[in-house]
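S.K.: This is the structure, below, for whatever I ask next.
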Amino acid sequence: SYGYBZKSAGVSVPGPMGPSGPRGLPGPPGAPGPZGFZGPPGZPGZPGSSGPM
């Protein structure tokens, strides 16, 4: 071993999209994605879509 544990090389996935915002405002960012196998937290999800004008 060279001090590298494959299990620690987590693969992050995007979180879910945030809810749509009211009155045409952008929704908030989605929640962070789940962590990989002992890897870093996932990237934040995409912002929610715009609500109705």
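Each Cβ is built from the backbone N, Cα and C atoms, and glycine gets one as well.
According to Swiss-Prot, the record shows the following:
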- 10-23: compositional bias 'Low complexity' (COMPBIAS)
- 34-53: compositional bias 'Low complexity' (COMPBIAS)
- Lys7: allysine (MOD_RES)
- Ser8: phosphoserine (MOD_RES)
- Pro26: 4-hydroxyproline (MOD_RES)
- Pro29: 4-hydroxyproline (MOD_RES)
- Pro32: 4-hydroxyproline (MOD_RES)
- Pro41: 4-hydroxyproline (MOD_RES)
- Pro44: 4-hydroxyproline (MOD_RES)
- Pro47: 4-hydroxyproline (MOD_RES)
- 1-53: region 'Disordered' (REGION)
S.K.: Tell me, in order along the sequence, which modified residues from Pro32, Pro41, Pro44, Pro47 have their CA within 10 Å of Pro26 (4-hydroxyproline).
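M.R.: Within 10 Å of Pro26 (4-hydroxyproline): Pro47.
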S.K.: Show which residues of the chain containing Pro29 (4-hydroxyproline), separated from it by at least 6 in sequence, have their CB under 8 Å from its CB.
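M.R.: Long-range Cβ contacts: Gly18, Pro44, Gly45, Unk46, Pro47.
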S.K.: Please report the number of other Cβ atoms within 10 Å of the Cβ of Pro47 (4-hydroxyproline).
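M.R.: Here the count is 16.
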S.K.: If H, G and I count as helix, E and B as strand, and all else as coil, what does DSSP give for Pro41 (4-hydroxyproline)?
M.R.: coil
S.K.: Reduce the DSSP letter at Pro32 (4-hydroxyproline) to three states and note it down.
M.R.: strand
